[in-house]
C-alpha cells in the first residue's frame with residue numbers, strides 16, 4: 001500500500017510540475033519534431049517494457065467473480081494505462097528543451113531546467129522525485145531476487161550442496177543487476193534490451209506459445225463444446241501475429257543497438 005501511494009504521489013507531482021512549467025511563459029520549452037524514424041526501435045523497446053503487466057494480471061483477474069465482463073475490464077485497464085502514460089509523456093516533451101534518460105532527473109535540485117527551485121518545499125519535492133526510483137527498486141528488488149533464487153533452487157533441487165543453495169545461487173541472482181548498475185549509465189539501451197529481449201519473451205513469445213500448445217492438447221470433443229466465454233481472439237491467427245510482432249521488435253531493436261553502439 002505504501003509503495004502504491006508513493007508511486008501515485010510521484011506521478012501526480014511530476015505531471016503537475018510539468019504542466020505548470022509548460023504553462024509558464026518565462027520557462028524554455030521543447031519543440032520536438034513531428035516524427036523521428038530513427039527513434040522507432042527505441043520506442044518499440046520502451047513500449048514493450050512499459051506494458052509488461054504480467055505480474056499484475058493475476059491480482060486483477062482473481063477478484064472478478066463474474067468473468068462475463070472480463071475482456072471489457074481488461075480493455076478499460078489497458079486504456080487507462082495508455083492515458084496515464086500519455087499524460088506523463090506528452091506534456092514532458094513540450095515542457096523541457098532536453099529530457100534526461102531517467103525522467104525524474106529533470107527535477108533534480110540544481111538542474112539547469114529546474115525553474116521552480118529555490119524554496120525549501122520545492123527542494124524537498126525535487127529530492128523526493130529523484131529518490132523515487134530508489135524507493136520503488138528497494139521495494140521490488142528483494143521480492144524479485146527471492147523469487148528468482150527460489151526458482152533456481154527448484155531447478156537444482158536434486159543437488160543438496162549447501163554452498164550451491166546458500167551462496168552460489170543467491171550470488172548468481174544479485175550480481176548481474178549490481179554489475180549493470182555499476183558499469184552503465186545509459187538508460188535507453190537498458191530499457192531497449194530489457195524490453196525487447198526479456199520483455200518480448202515474457203509478454204509475447206511465452207504466452208502465445210502456451211496458447212498454441214494448450215489448444216493443441218485439448219481433445220476434439222471438448223473443443224467443440226459451446227463456450228459463452230470464448231475469446232474474440234480465438235483464431236490461431238492471433239498467436240502467430242503476436243509472435244510475428246515480437247520478431248519485428250527483436251529485429252528492429254537489435255539493429256538499432258548494433259548501429260548506435262557497435263558501428
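Backbone N, Cα and C define each Cβ position, glycine as well.
What TrEMBL lists as domain 'Amino acid transporter transmembrane' is 17-218.
If you look up TrEMBL, you'll see 1-20 marked as signal peptide. Within the same chain, residues 84, 87-88, 91-92, 95-96, 103-104, 107, 116, 125, 128-129, 132, 135-136, 139-140 sit at least 6 positions outside the signal peptide (1-20) and bring their C-beta atoms closer than 8 Å to a C-beta of that stretch.
A Cβ distance under 8 Å defines the sequence-distant neighbours of the transmembrane segment (33-52), meaning residues of its chain 6+ beyond its ends; these are 78, 81, 85, 188, 191-196, 199-200, 202-204, 248-249, 252-253, 255-257. Annotation comment: TrEMBL describes 33-52 (among others) as transmembrane segment.
Look at TrEMBL and you will find 73-96 (among others) tagged as transmembrane segment. Counting only same-chain residues 6+ beyond the ends of the transmembrane segment (73-96), those with a CB under 8 A from a CB of the stretch are 11, 14-15, 18-19, 21-22, 27, 29-32, 50-51, 53, 60, 64, 103, 106, 113.
Counting residues 6+ beyond its ends, the transmembrane segment (127-150) has Cβ neighbours under 8 Å at 3, 6-7, 10, 13-14, 102, 104-105, 107-109, 169-170, 173-174, 177 in the same chain. The transmembrane segment annotation in TrEMBL covers 127-150 (among others).
The transmembrane segment feature in TrEMBL is assigned to 162-183 (among others).
Look at TrEMBL and you will find 189-216 (among others) tagged as transmembrane segment. Outside the transmembrane segment (189-216), and at least 6 residues removed from its termini, the chain residues within Cβ reach (under 8 Å) are 41-42, 44-52, 54, 180, 223, 236, 239-240, 242-243, 245-246, 249-250, 253-254, 256-257, 260-261.
Counting only same-chain residues 6+ beyond the ends of the transmembrane segment (237-258), those with a CB under 8 A from a CB of the stretch are 38, 40-42, 44-45, 48, 189, 192-193, 195-197, 200-201, 204-205, 207-209, 211-212. TrEMBL lists 237-258 (among others) with the feature transmembrane segment.
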The answer for the transmembrane segment (162-183), taking Cβ pairs under 8 Å and residues 6+ beyond its ends, is 141, 145, 148-149, 152-153, 156, 190
